[in-house]
Structures are given as C-alpha cells and as structure tokens.
C-alpha cells in the first residue's frame, strides 16, 4: 500500500504542502482508526470495530493450578459476526473501521484560535458530543512491552447504498500564517529572538493564550515547550539563540501585537455603518453557504462543519495529559475525499498540493476525513444534523431506546439472578450491567500509556474504588474527556455490594500454596485472563453488549443510558405541577412561563447529573459572573437608596405610617424593609455615578457616530456624495437626505446630541449635590410609587442571587449534552403542548405586547423588515390537516404554541436538528399525550450523586421517592447541591480493598455457601 506522507509543518501562503511525490495519489484504500467527526453533531454514524469473540464453553472451570500463561488460559478466536457487531451503531456504520481500535479520547473543545474561549458562555455546550461509541471498542493493552501498533482494515461501510450522486466542494482550509512585523519578536532572557516563520507561528500559538487559564497550567506549559523545542531543532533561531528554559521566554510583545489586531478589527466593525456591517455579514454567509451546501441525489443538503481545524495548541477537557501540545496544520495531502466519480471532484486551494485520495464510497455518508496529530483521531465531514441521514439516525436511536422498555424487566430479572451465579464471568457481567443501569455509568475502555487515562465501569482499577460499610462504594477516576468522576454510590442490592467487594480482593486465581491471589491497586476490578499471556485484563465492553444483544438486536450499554435518561426526564416532567406547589414562596408557586421553565431546567439538571455530563470548570468565567452579579446587585441597591432618599426628602417616616394604613395599603407590612438603610460605601457610590454619566456620554457619542456613518453610507449608495465624500447640494439631493435621515432609527443631529450632553453634565452636578446634602433634588415624590419600586427591586436582587447560585451549581454540569444526545426531544415537545394548552385555559394565551412594539420599531429601523407571519401558512395547514411539519416550509419545527416559547427550550440549531420530533408515532403533529414510555415515574433511575449537588428547595425526584418509597427500583431521591473543594478535601484516600476484618465478616455472615469467596476464574 502506498504511504501518504502527513505534513506536520505549518504553511505560508506561498508554501505548498503535497503528498510524497507532490501529486494526488490513487493509492490502495488507507487504513483508519475510528475517530470523531469535525461537526458537533451526534456521532451515531461512527462504526464500531470488529471484535474478537470470547468463547464461554469452559467459563465455569475452576483454576486449580498455579498462575501461569500455560494451560488453563481462555482462548479467543478471531472476530466473528454477532448481533452486537451487526447493529451496535445506532445508524450508518460508514466511517472507516479497524480491526483493533486505539481508544481516542479528549475531543478537543478549543475550536477557537484565540483567548475568546474564556470569554464565552460556558453553557454553550452544544459542541459537546457525548456519544459512548467508545464503550464498544476493544481495549488496548496497557503493558508497555507488549504494545503493538493496531491492525487496521480498509475503508468499509455498512454495505447498504446511501446515495447515487454526491457532489460537494470539499473542506474549507484556514488562512495561512502571516509572519509578524520585524519589530515584534519573541524574547528569551530579555533579548529578541529572530525565529523563522515555522517556529514563530508555534510561539504565536502560545502567545494568544497568555492571558487565559491555560497559561497557568503546568501540564499545558510543559507539553507546549516540549513540542516547541522539537520544532526549534528543525527550524532554529536565525540569530543562534539557544532556547533551553521555558521560564526565560517572554511572549508579551507577541501577545500585545495580536491583541492590537483584535482591538483594531473590533473598532473597524464598530465604525462601520450598520447597513455596511449587515452587508459584510451577508456576503460572508453567502460565501459560507457555497461550502455548506452539497447535492445528494439531486437534492440540496446542508453540510456540517466543513472547516478544517486551524493549527494551534490542544486544550483538551478536564485534566488532559496532552493539553498544550501543538496541533499541526492540515494540508490537502492529508485529506481523503468521498465524491461521485462521474462528476469533477472538488479542487484543493491553489498552491497547496493535491488530495491524498479521492474515492467513491456509496455505502458511507462522510464527505471527507483526515487524521489529527494529537490523539491520532480521524475527523470527518458529515452532513448537517438537519439532513435526512442524521434525522433518520436520531429517530432510530430513540425508537431503539423505547423498544428496550419491552425487555428491560426481563433483563433486570436475569441480572439479579446472575448476580449470584457460580460462574465468575456471568457474575461480573451482571454486576457491570447493574451499575450501568442504576447509575448510568459508561462501560468505558482502558487506555494505552500514550493516551489520556480515562475509564468506565469495565476498565475500572482497584485503586479507583473504596468500600464503605455497610452499603456504599466510593468511586474516583477520570471519566470520558478526562472529566473527574468522584461519587459515593449507595448500593441498594446486597449482592452487587458483595460482588464488588469480592472482585476488589481477588481475581479468583490461586498461587502455588493454594491461596487466592490478592489484587494490587493497579489491577482491574472486572477482569479475565488475556489470551497468550494469561495476564488479567479488564473485561471488554463488548462482553456487556454481547449479553445485552441476546434480548434485543443492537442493544448496548449506550442504549441503556439513552433509555434511562429519557425515562427519568419524562418522569420528572410529569411531576411539574407538584414541584411548583412545593416551592418555598408564593411567587415561585405560580403557574406561568417563567416557573415552568425553571421546572424544566431542574429536570434537565438532574438527568445531566444522572448521566455524569460534566464540563470543564472555567474559574475565570465564574469570577466574571460573580463580579457582574455583584455589580448588578450594587446597581439595584443604589437605585433603592435613591428612592429612599427621595422619600425622606419629601416625607417624614412618622407621618407616612399614620397616612398609609396597612388595611388600605398592604405593602406597608414591609415598611421597615422599604426604609431599610442600604449602607453603600460613599466612595463607591461616587465612582458608580461618575462612571454611569461617562458611559451614557460614550453611548450617546458612539450612537451619533454610527448614525452619521449610516447616513454617509446610504448617500454614497444613492450617488449623492461628491468626490470628497460631502453630500451633494440641490433640492432633490436634500429631499433624499431627509428621507434617509427619517429612515434611520432614532436619528439625532449634532445640535440634539450637544443638548443631551449638556443635560448629562447637569445631571452629574445634581448627583454631586445630592451626595453632599443627602437630599434629593427631585421636584416631588409619590410615596406609593417609590415604595412599590423599592419592593420590586428587592425581588430583582433575589433573582440575581438565585441566578448566581444556579450558575455555580451547574458550573460543572453540561445541561445541553443530555438534551442533545440522550433525551428524546418528543418528551419536551409533548410537555410544551400540554402546558401551552393549560396556560391558554388560564387566560395567559394572548400575545405579548412586546411583539407589537418590535414591529412598530422595525418600521423606522434601517434594517429591512423581517417576513411577517412566517409560520402562518403552517398554522393554517395544521388546523386543517394536523400536519404542520409535513413539508419543508421551515427549517424549524412548527408546534402552533400560543403561550410557551419553544426557543427557550430548544435553540434554533436544536429545532432544526429535531424537526422530525414534531411528528408523533402516527406521523401527525405530536400530541400533548405522547409519551416515551408508559408509567415513567415507576421506572426512574437512582441518582446518589445529586444528594451532594442539591438545590435549596428540593427536587422533583425527592417528591417521587417520598410519594412511593415501596418501589423495588430506587428513584431519584435527591436534591441538587454543588460539591465544593472543601468537600473533596474531606474525602478519604482511596484504597484498593477494604481490608478490615469487620468487612470480611460482614460479607460472609449472610451467606451459607461460598458466594462470598473469590469465584474460579474462567479458563
């Protein structure tokens, strides 16, 4: 097979990166690992690796001889077809397969190429693709001496033809690197270093992260410097500088230059006329659309993320060991294109060489793939989430999870039976399935030493677990994407608890003396002897899926997670009204849109915790949120103080109490609160008022500049300016100019702006006088109005404080991941319809006045009006046929809601992705009575972790547990509480095994047989 040379060097505009011979190769089909696609869509298309089948014929034979690699070791045959292999992927198994897959973890979340990753909203987790396909991949060997390169297969699909004609433009490349000006240099030991552009670019990767949390990470810095030194050997400084110490590097000049470019671009955009800015955006979107549209069998389909990831530094998620390593620039010579052979293939950018290969694979749906250098993952360009391929995949995934409901009782009965099996392998599988089912843990994989050490149930080591009598297991390990999992799991099934304690102690094998071999901390909890060496290796997730597939074709651990997440979510939403009634104050108990959204988010939060959907905590963002909230609260308290000042200037407290009786004025019950002194720092009040006036002046001046820029731009477009840019004279030109002025929203001339600036100066003087005299300069005061304003502002403070608590409680919980990948969207839509009908019945169905105001404002806006009644046709069709979503009139779903706003629950991207969900099982518009499963509340899963991530006021699940504590299946009896760093510090050190004599006695006291003793290992 011809080899393809992967170009790791970054490129200049004039630098062409090619394959080995400088031309595109039509080589034999390259071998690939399974990897992740570029887009943030669900990875359901990625195929699973072919797996070796474990023969179970002698699984119950005891191991009576000494531990060795000779006879008595279980043999593994080659890969064989089974149900799990046939249908374990929830959709198109069309990405390249491998015979043995190196587990690729730590999907990079650093698509940005600057420090804006720390400035965005951390709740934007739609790019967190949380598939568990990795659960089904075979394990890599952990032994350094025995590790071999993985064997691979050629590109293969599912065998089923997906398309006849596929035409697209290929992936889009990032801009080439532009060298720095000669006066901007990296400094070493205080002296400028003359770097060639290849290493200068890598230094710039670090410079742009200088003011982020990443630059404070020792692992990040070490990995960067290691890669930087490697490149310095290839492209050393031209002035001969020897760079040996990271601490002597100074990136400040490079950062300042980059920051100046960012600031200049921001100022340029601010200076643009609104119409010019809008036109610029439209042109950019039009250019992007050329890349984002492809033809599949003559039908236009949207493509997902077509952009090749730009080079930079790998950020990773969690405590990723490869954070800071250099992501190399991808060239056309690294990319394979999938395209119709009878149509011209897309051309790579000029001067960058040819594609590695162009193929025609009609049984796959990827458009292109390439390999990234950090984790060896293959990244793919797929169609967009709204494409037919993806929407069908999503529906099939959730329908498979619904089908599980028909066999789940039988599975659980058999699991409970196998927990007491004499066959160790069966008992291990049953214990694993019980943990996956009850705690929604991932099956997981062991990693090689060159990969991020992350784990799931199957690959857990003894050092990850600690027995806590009488019924608790403490687990602490790095989960998917290097996110830390640390929980105390209360095991309600005594057999499970006893099994785990047993598996922690021994693998069932005996030494020469006939004693059971005690496990070491690094030994796997669930294990079987490896073929050939006899060494105990973690049980493969494939073993779990083989067990599950006996009950339903394609059933895997991930389907269980999807089923439990959706069932629990439905069960929680069914308790919405009860949860609202349980809220601590009257305002929170009201049935309205705001409180319903809080109830929905509470259910979403609990399911996210159930699935252990974490996200990287950004301390800088948390601090900014805290500062912003504190500033908002100070502003509100300042406004309260000014109202109080006004009241005390015009009224006496004693007279107010006499004049305004509680009977006629109920708000007087809170009179003491109304007049409570705010105790604001005088200097801070002065600074706030001065800043407030300054901000208003700046806003007024910037608005004036923007309006003048808009006026100039529109006159230029109409040809009414001279060569010097000044407006033309003449009656006609003047009339047109007046029309343009009137079309600009809120247009003010220079005279009006000067008058307002003068008024602001007067306000500043008035505020200064009020500070000195502590008397209001207002002309009058309406006490009732001021009192009600003060009380409303106290409520605003409560909301701000509650929002801050909510953000802190969910700072490490990825709410959107479960909604995107694990919760059937039809549950949300049916719930929305139900409550929309109820709110309409309560008289809350009238349109909000805000929309009318918006339309009136748009008449005077410079921007073109939006299309009115975009969904009117769909609503009329729905009224007649019940099929509002049967045609492609809109990319988003049409539910015909009168009160509830779907955008508050599903962002536009999710509405497009889940448009299929607006139709029920009968193909008609989804009904408010649609359910994922019947009797969901009795099937909800347990959630111990939420007991420490509780939210004051209780949770829906806590009510479920209190209402029916007799259910055999434990429910989500929890409240949510954010775990603090102090909580973690109080945790006891992890032990491989609880070796106390009391533990051994407790484990054996309730059994008359030898179930508590280590079972014989399979041979």
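The backbone N, Cα and C atoms fix where each Cβ goes, glycine too.
The feature compositional bias 'Basic and acidic residues' is assigned by Swiss-Prot to 46-56 (among others).
What Swiss-Prot records for 62-78 is compositional bias 'Polar residues'.
The compositional bias 'Acidic residues' annotation in Swiss-Prot covers 83-93 (among others).
The annotation compositional bias 'Acidic residues' is assigned in Swiss-Prot to 107-136 (among others).
The number of other CB atoms found within 10 A of the CB of residue 317 (site 'Interaction with DNA'), across every protein chain shown, is 21. Annotation source Swiss-Prot lists site 'Interaction with DNA' at 317 (among others), citing similarity to another entry.
A coil conformation is recorded for residue 366 (site 'Interaction with DNA') in the three-state DSSP classification, outside any helix or strand. Over all protein chains present, the Cβ of residue 366 (site 'Interaction with DNA') has 26 other Cβ atoms lying within 10 Å. Residues or ranges marked as site 'Interaction with DNA' by Swiss-Prot on the basis of similarity to another entry: 366 (among others).
Note on the domain 'Topo IB-type catalytic' (386-860): mean pLDDT across this stretch is 86. Feature annotation from Swiss-Prot assigns domain 'Topo IB-type catalytic' to 386-860; the stated evidence is sequence analysis.
Annotation source Swiss-Prot lists site 'Interaction with DNA' at 397 (among others), citing similarity to another entry.
In three-state terms derived from DSSP, residue 454 (site 'Interaction with DNA') belongs to neither a helical nor a strand segment and is classed as coil. Residues or ranges marked as site 'Interaction with DNA' in Swiss-Prot: 454 (among others).
Swiss-Prot lists 480 (among others) with the feature site 'Interaction with DNA'.
Here Swiss-Prot flags 545 (among others) as site 'Interaction with DNA'. Here the Cβ of residue 545 (site 'Interaction with DNA') has 25 other Cβ atoms within 10 Å, regardless of which shown protein chain they belong to.
Residue 613 (site 'Interaction with DNA') has a Cβ environment of 27 other Cβ atoms inside 10 Å. The feature site 'Interaction with DNA' is assigned by Swiss-Prot to 613 (among others), with similarity to another entry given as support.
Classification of residue 632 (site 'Interaction with DNA') by DSSP places it within a helix. Summarising the environment of residue 632 (site 'Interaction with DNA'), the number of other Cβ atoms within 10 Å of its Cβ, over all protein chains shown, is 16. Per Swiss-Prot, the feature site 'Interaction with DNA' maps to 632 (among others); the stated evidence is similarity to another entry.
A coil conformation is recorded for residue 822 (active site, O-(3'-phospho-DNA)-tyrosine intermediate) in the three-state DSSP classification, outside any helix or strand. Residue 822 (active site, O-(3'-phospho-DNA)-tyrosine intermediate) counts 29 other C-beta atoms within 10 Å of its own C-beta, drawing on all protein chains shown. The annotation active site, O-(3'-phospho-DNA)-tyrosine intermediate is assigned in Swiss-Prot to 822 on the grounds of sequence analysis.
Taken from Swiss-Prot, the feature compositional bias 'Basic and acidic residues' applies to 854-863 (among others).
What Swiss-Prot records for 864-879 is compositional bias 'Basic residues'.
Neighbour counts of Cβ atoms within 10 Å were compared for the recorded sites 397, 480, and the top value is held by 480. If you check the recorded sites 397, 480, 613, 632 against residue 317 (site 'Interaction with DNA'), the ones with a Cα inside 10 Å of its Cα are 480. Residue 822 (active site, O-(3'-phospho-DNA)-tyrosine intermediate) sits 9 Å from residue 397 (site 'Interaction with DNA'), taking the CA atoms of both as reference points. If you take the CA of residue 480 (site 'Interaction with DNA') and look 10 A around it, you hit none of the recorded sites from 366, 397, 545, 632.
Closest to residue 397 (site 'Interaction with DNA') by Cα-Cα distance, out of the recorded sites 366, 454, 545, 613, 632, is 545. Recorded residues residue 454 (site 'Interaction with DNA') and residue 613 (site 'Interaction with DNA') have their alpha carbons 15 Å apart, per Cα-Cα distance. Classification of residue 545 (site 'Interaction with DNA') by DSSP places it within a helix. Comparing Cα positions, residue 613 (site 'Interaction with DNA') lies closest to 545 out of the recorded sites 366, 545, 632. A straight line from the CA of residue 632 (site 'Interaction with DNA') to the CA of residue 366 (site 'Interaction with DNA') spans 48 Å. In this structure, residue 613 (site 'Interaction with DNA') belongs to neither helix nor strand by DSSP; it is coil.
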